[in-house]
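Engineer: Right, I'll just put the structure down here and ask away after.
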Amino acid sequence: MTALTSVSGFPRIGSNRELKKVIEGYWKGAKTLDDVRTTAKQLRAEHWKLQQEAGIDLIPSNDFSYYDQMLDTAILLGAVPARYQRLGFDQPEDTLFAIGRGYQGDKGDVTALPMKKWFTTNYHYIVPEIESSTQIHLASTKPFDEFNEAKALGIITKPVLIGPYTFLKLARDPQAEELEFDRGLINDIASVYAQVLGKFGELGAQWVQFDEPYLVLDKEDGDVELFKSLYAKILPARGGKVKLLLNTYFGHIADIYETVNLLGFDGIGLDLIEGKDENLAAVDKYGVADGTTIFAGVVNGRNIWRNDYAVSLGVIDALRTKTDNIAVSTACSLLHVPFSTEGETGLEPQVLKHFAFAVEKLGELHDIAVLADQDDTARRDVKALADNQALFDGTRVTPDQAVAKRLAALTADDFVRQPARAERQKLQREALGLPLLPTTTIGSFPQTKEVRAERARLRKGEITREQYDEFIKQQIDECIKHQEQIGLDVLVHGEFERNDMVEYFGQHLNGFLFTKNAWVQSYGTRCVKPPIVWGDVSRAEPITVAWSAYAQSRTKHVMKGMLTGPVTILNWSWPREDVSHELQTQQLALAIRDEVLDLEKAGIKVIQIDEAALREKLPLRKSDWHKKYLDWAIPAFRLVHSAVKPTTQIHTHMCYSEFNDIIRDIDAMDADVISFEASRGDLVVLDAIHDANFETEAGPGVYDIHSPRIPSEAEIEHRIDEILAKMDVNKVWINPDCGLKTRGNAETWPSLEHMVAAAKAVRARLGK
Ligand SMILES: CN1c2c(nc(N)[nH]c2=O)NC[C@@H]1CNc1ccc(C(=O)N[C@@H](CCC(=O)N[C@@H](CCC(=O)N[C@@H](CCC(=O)O)C(=O)O)C(=O)O)C(=O)O)cc1
Ligand SMILES: N[C@@H](CCS)C(=O)O
Ligand SMILES: [Zn+2]
């Protein structure tokens, strides 16, 4: 019998981002809630049928979400903060959207719940709040409704839920530093999950999947106990009717595998891509309990490349020495890959044959499962295996010798900027003549419908490049005029010419390929279309120089150049798998270094090199931080800027501020200034800045740009005071959290006006 095939989760946004379009249409008043529900139902049916046709045995349900699966879980558990319930919406979707994106209208004024990165992905989840008054209970029928919906189509799905351990570890108590896992909360949560299992048993589900990616992180005191107490209560609820798959991904669970194995789950999902060696070693050491099926995650849910069947079969053969109960699975949800390669007519067939998006990965699961049950001799006759092997024989691209030569010629000095930072900071203060507490922004200004529409017209050939450039220049002019009017100190051009901060750079570099439609959900309805690293990377032409030079020519103020750094370009692209990330990042670093030096030549005195994704891709296990990442990521950043003049001020930006543990590594980037997000946790980062004697000047964001809310001047002044209590006033910059591209002009300008006024008020109080 062929091994079972299982999919952890499927993209829900739709082959043509139908879900995004209908929901955004609803928000604008152009679509009704019925339209949203109808599209959602059609998408679910379409996705289930696609998987059925591909021969998948365990097809997920409840992987669909209007906004985010973590938010759905909070709603399922009754963890909806009172302020959203008080809005009193009739329709549950309206409450859900208010939690996800905030609400300002006749029913009230609430900010959204905060978002965070979903482990090391570019997907953001909503961070649930559990207040002491929260009564955890089974509060929604969504998972059951979707199961029944599929059942009515003749498909018995495998419902998927975020597991209780991961939910609790990611939730927070708004009134406390840390969520207290007291017995009551653990019992209440476990009891809801037990009810869910029982109910699925009654409805006729055969398998239910609980996702516990948090198990791949290092364990803190009490974590293993928490996990065991939760599941000791949940597992008996199977009642012999339904099987429970404990699914893990984004790494290995070697440190808890023995415990998990002893608990008697019906299935254990292991990531055999990112956690391959450690997970295989754990299975080898502790074996597999009788009655447990290993869900072998061999099909990568985070890349776009074809699976190497020989490697996957090698993994399955190794597992077979321990158990015959194996299901072939995706290593994580396919949420993180684009929908299908169909329609990517811009790519040569010779290139496209190397790609597998979500739909193509279904075929791979099926092929691997069929091959897994054959011996070596029989496998040799299978065409699918021979065709697959051919993809991995030989070299795909001709190496670029010039790039290799340039890298080989680098010396240790190329990674060190001279003179030392303290000396540079003095020289820059004199050269730039900025006031105390200088004000600036992170780079982008609102990417309005008008800006995007003009770019769409250029793409369709409806306007010429000259007309488009003229339009962008007008946008820059207006943006500069406004910035001057409100009195910002360091100006930006606004990034109007960019579709995205990574795709745009890829479009100007050799070695990249682009898709038409390979969108991946980033948060809510927002998607990204990462470019693909196909060959060796070098700069094809100056990328931003003309725009920055134009902008500088329009003002007497300092105009900040705006670049994306090498680590972020790689992390938000689809990287090659035939060469290391380190090498690809170095190639990118040289390309961006060329751009930095050209900007300097063009008279740009302040250059920001965004490394928004540097913190995000920090390995999940601390033991991997340095040897697997920081030891090459930080030097790559230094390579980008080491050759500039002492008076050229280098800024960097990170959207994520949880870098207390790597504060010295951030300082070792040797930037002159860093700006970063400053939501709730950041007071802690300010302590770290203080304690570590952080050398880099810093701009902890003084207001949250993810919300349309306009912060008052007093509020920002208070925030600046909080910052000054922890930092040397001579090293503080005043800026928002992140770029303003997703905001509207209506809220952007008053917010910035308040920010500048607050900075001036504090300066006046300090007598400066
Ligand atoms: C800073 N962030 C970024 C991340 N990752 C990136 N790669 N880029 C980032 O900026 N990660 C963390 C954060 C938060 N994440 C995001 C992600 C996505 C957006 C966003 O605004 N996305 C847009 C799409 C952006 C884009 O590529 N726009 C194109 C047009 C694309 C399009 O839909 N075109 C239409 C036609 C145009 C029209 O008429 O409107 C079409 O093809 O049908 C462009 O500008 O040219 C989104 O809408 O999802 C923000 C933060
Ligand atoms: N310069 C970019 C950084 C975003 S992380 C922007 O302002 O949008
Ligand atoms: Zn940012």
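Every residue gets a Cβ built from N, Cα and C, even glycine.
Okay, these came from TrEMBL:
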- 5-322: domain 'Cobalamin-independent methionine synthase MetE N-terminal' (DOMAIN)
- Arg17, Glu18, Leu19, Lys20, Lys117, Asn122, Arg526, Cys527, Trp572, Glu616: 5-methyltetrahydropteroyltri-L-glutamate binding site (BINDING)
- 437-760: domain 'Cobalamin-independent methionine synthase MetE C-terminal/archaeal' (DOMAIN)
- Ile442, Gly443, Ser444, Glu495, Asp610: L-homocysteine binding site (BINDING)
- Ile442, Gly443, Ser444, Glu495, Asp610: L-methionine binding site (BINDING)
- His653, Cys655, Glu677, Cys738: Zn(2+) binding site (BINDING)
- His653, Cys655, Glu677, Cys738: Zn(2+) 1 binding site (BINDING)
- His706: active site, proton donor (ACT_SITE)
Engineer: Average the per-residue pLDDT over the domain 'Cobalamin-independent methionine synthase MetE N-terminal' (5-322) and send me the rounded value.
Structural biologist: 97
Engineer: For the C-alpha pair, I'd like the distance in angstrom between Arg526 (5-methyltetrahydropteroyltri-L-glutamate binding site) and Cys655 (Zn(2+) binding site), rounded off.
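Structural biologist: Given the Cα positions, Arg526 (5-methyltetrahydropteroyltri-L-glutamate binding site) is 16 Å from Cys655 (Zn(2+) binding site).
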Engineer: By Cβ count within 10 Å, point out the most packed of the binding-site residues listed: Arg17, His653.
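Structural biologist: Ranked by Cβ atoms within 10 Å, first place goes to His653.
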Engineer: So which binding-site residues out of Lys117, Gly443, Glu495 are up against ligand 3, CB under 6 A?
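Structural biologist: Cβ under 6 Å from ligand 3: none.
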Engineer: Round to a whole number and give the Cα-to-Cα distance in Å for the pair Asp610 (L-homocysteine binding site) and Trp572 (5-methyltetrahydropteroyltri-L-glutamate binding site).
Structural biologist: 12
Engineer: May I ask which of the binding-site residues Arg17, Ser444, Arg526, Asp610, His653, Glu677 have a CB within less than 6 Å of any atom of ligand 1, listed in sequence order?
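Structural biologist: Result: Arg526.
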Engineer: Which residues, same chain and not among His653, Cys655, Glu677, Cys738, have a CB within 8 angstroms of the centroid of the CB atoms at the recorded Zn(2+) site?
Structural biologist: Ile442, Ala612, Met654, Tyr656, Ser657, Ser675, Phe676, Gly701, Asp737, Gly739
Engineer: Using the Cβ centroid of Ile442, Gly443, Ser444, Glu495, Asp610 as the reference point for the L-homocysteine site, which residues of the same chain not in that list have Cβ within 8 Å?
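Structural biologist: Near the L-homocysteine site, the remaining chain residues are Thr441, Val492, Met501, Met562, Gln608, His653, Cys738, Gly739, Lys741.
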Engineer: Taking DSSP as the reference, which of helix, strand or coil describes Arg17 (5-methyltetrahydropteroyltri-L-glutamate binding site)?
Structural biologist: coil
Engineer: Of Ser444, Trp572, Cys655, the binding-site residues listed, which put a C-beta under 6 Å from ligand 2? Please answer none if none do.
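Structural biologist: Checked binding-site residues vs ligand 2; flagged Ser444, Cys655.
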Engineer: Given the recorded positions Arg17, His706, Cys738, which lie within 10 A of Gly443 (L-homocysteine binding site) by CA-CA distance?
Structural biologist: Cys738
Engineer: Using C-alpha positions only, work out which of the recorded positions Lys117, Cys655, Glu677, His706, Cys738 is nearest to Ile442 (L-homocysteine binding site).
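Structural biologist: Nearest candidate: Cys738.
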